[in-house]
Amino acid sequence: MSENKLNVIDLHKRYGEHEVLKGVSLQANAGDVISIIGSSGSGKSTFLRCINFLEKPSEGSIVVNGQTINLVRDKDGQLKVADKNQLRLLRTRLTMVFQHFNLWSHMTVLENVMEAPIQVLGLSKQEARERAVKYLAKVGIDERAQGKYPVHLSGGQQQRVSIARALAMEPEVLLFDEPTSALDPELVGEVLRIMQQLAEEGKTMVVVTHEMGFARHVSTHVIFLHQGKIEEEGAPEQLFGNPQSPRLQRFLKGSLK
């Protein structure tokens, strides 16, 4: 039986009276690639951001590597991680690749990837440098580009640096929030190829995506979110080959044109 890496149970998120997530659950075992698809506004990115507490969920529980995250209410009634050290640990185990790269503009490519291993993991500069060089090479960023600042890179290169930065933490699960949606069409393929390579190597990944080809051919499991709820989920061949929900049928018909 595969080792469970991430278990999200009955997650809710409310903004005042407006409920964005209405009880979403997800289980990722080692090597799983879970794609979350759905229309804009369905709650996909909010769900991902709640998993590592970039957004505070309103209800629910999260288990990472068998460890239940201890949650308490903040003054606004939302859930937060009770212990700052546990939050820090959580974010080393679940690392995020963002839609808009979120690289530090005042740091070189190499410094961007070294920063968190030094500040969060406590690696020496030499150890962090070796790790950064290794993962930058893995995503196809050569030594010449490593000394550049993000502004001098293409969008595809910046996103590959962002993936290297996430990998440098050597996390349990990689979270991808629409990693290709800010890219020019001709740059999408280079990022998807890296993600496919990571999947083939057995990395555990949760991916919010509009790339139906990736969801269909690389995922082990697909979740279709609609208005904050799971409308349908299952193996990709089931969801794409024989969708049961009329909403999913309509969504796929529009997406696969």
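Here the Cβ of each residue, glycine as well, is placed from N, Cα and C on the backbone.
As the structure is a computational prediction, the values presented were derived from the model and not from experiment.
Feature annotation from Swiss-Prot assigns ATP binding site to Ser40, Gly41, Gly43, Lys44, Ser45, Thr46. Annotation comment: Swiss-Prot describes 6-252 as domain 'ABC transporter'.
Mapped onto this structure are the features recorded in Swiss-Prot.
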residue : record           : Cβ within 10 Å
Ser40   : ATP binding site : 9
Gly41   : ATP binding site : 13
Gly43   : ATP binding site : 24
Lys44   : ATP binding site : 26
Ser45   : ATP binding site : 19
Thr46   : ATP binding site : 23
Remaining residues near the recorded ATP site, that is with C-beta within 8 Å of the centroid of the site residues Ser40, Gly41, Gly43, Lys44, Ser45, Thr46: Val20, Gly38, Ser42, Phe47, Val208, Leu225
For Ser45 (ATP binding site): DSSP state (helix, strand, coil): helix
Across the domain 'ABC transporter' (6-252), average pLDDT on the 0 to 100 scale: 95
